[in-house]
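Worksheet for the structure shown next.
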Amino acid sequence: MDIKNSPSNLNSPVSYNCSQSVLPLEPGPIYIPSSYVESCHEYSAMTFYSPAVVNYSISSNSEVGPGRQATSPNVLWPTPGHLSPLAIHCQPSLLYAEPQKSPWCDTRSLEHTLPVNRETLKRKASGSSCASPVTSPSSKRDAHFCAVCSDYASGYHYGVWSCEGCKAFFKRSIQGHNDYICPATNQCTIDKNRRKSCQACRLRKCYEVGMVKCGSRRERCGYRIVRKQRNSEGHLHCLSRAKKNGDHTTRVKELLLSTLSPEQLVLTLLEAEPPHVLVSRPSTPFTEASMMMSLTKLADKELVHMISWAKKIPGFMELSLYDQVRLLESCWLEVLMVGLMWRSIDHPGKLIFAPDLVLDRDEGKCVEGILEIFDMLLATTSRFRELKLQHKEYLCVKAMILLNSSMYPSAAAQEAESSRKLTHLLNAVTDALVWVIARSGISSQQQSVRLANLLMLLSHVRHASNKGTEHLLNMKCKNVVPVYDLLLEMLNAHTLRGNKSLVTGSERSRMEESESKEGSQKPQAQ
């Protein structure tokens, strides 16, 4: 059959050589070649056209060589209810051919798929009209996606297929400033739309997918020719190197706690201090809703900085994720309140919530129940003022509040190692506080008295924190102020902990009652 006599508007996806004028054809369904087919899903065939539809016949005696494709392709179409699209990939070109098990390859790139539609088929057919997909390097590049953000890949950079944005980001990170800190839990989603939201998680994912510095000059090292299969030692070397780089990124500038002197630990705590947070002061006179809205917005902003501050404490990131979350959920309001006391220590009768939000005691009368909390904050601040609290002492005290905030038992046996690290870290911060007090020049007896006075004030901070949490929960239940984001998560965690303690307390009381009944019945039986 002559191709010139076929209908002009027919876009056949069949690959053929432009120099040939006759293309042998055979009837029957075919499938678009794909390097990835999900084995766990079934696909039904949907015919787009057939010889009967386009009104031409096929010679029965035409010879078709092996590997030829048919003229009536049936497209693999997902069955109803299946949401995963079919992957359409061109065959790899000889020029850019890669070993199937190359250490540079990443299996995650197979997860990226193209949706099947008529436009895709037309583009595929038009692209193969004059060149075979087997020998077209451009068709291979079109079928690859960035292993980091899932955007279209511009090439093979630093050992993986990546886009220009992730390539430039990784280049900047390995050449310059890369001590990024995740404001959340190091589990941010990195995709095309959110790749710029968290630099720390983006760099972590770069290392996870296999980006390495040694792969930056791949095109200049003869990789354009077909490479031989690497041996197993080469595989292990590349994988171990990528893993080491990933561990180095997740622990940026991490110092071994055992080698830190008290002075170095204090300096690290000083560098970890969060910045001042600004919040717009509501218009006067204050109302219950306006004041609570300002305080909750401020608390939510400070919580983000508090998490970053905790991650910068040497040894905190070595704890298990369970212990990290548990400590932050238990002490978040204590940490915020002791920071409020430090800002207010030079302003008697004032509470410096923020540089642009300064309140006195009388302004708290507009909110029901908050006046008692203001009095507790002012009294504890006055006691710190009498002791002439120093800035380095404040840094150590705040870190001790975080590390000593939770006394709940470990959830599993594997948490024992994390608990041991937590105890070691708390002892190191306590030694730093003792060192700071010793440098003040007072006698040994006065040093012991001062240390005891500072530690006794922590119970007052905890009491004020409990009152504040209870008041905030009441305001939330009364719908006085909406609570969102991190602040809502902290309150929910406090509520869940309270429910668990109530359950355990009721169970304990029932056990005591049953034991008392058994004890009273035994003498009667005798």
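Glycine is no exception: its Cβ is also placed from the backbone N, Cα and C atoms.
Looking at the stretches 182-206, 207-231, 232-256, the one that Swiss-Prot records under the feature zinc finger is 182-206. Each residue in the zinc finger (182-206) has a pLDDT score, and their mean in this model is 87.
Mapped onto DSSP helix, strand and coil, the zinc finger (182-206) counts 8 helix, 0 strand, 17 coil.
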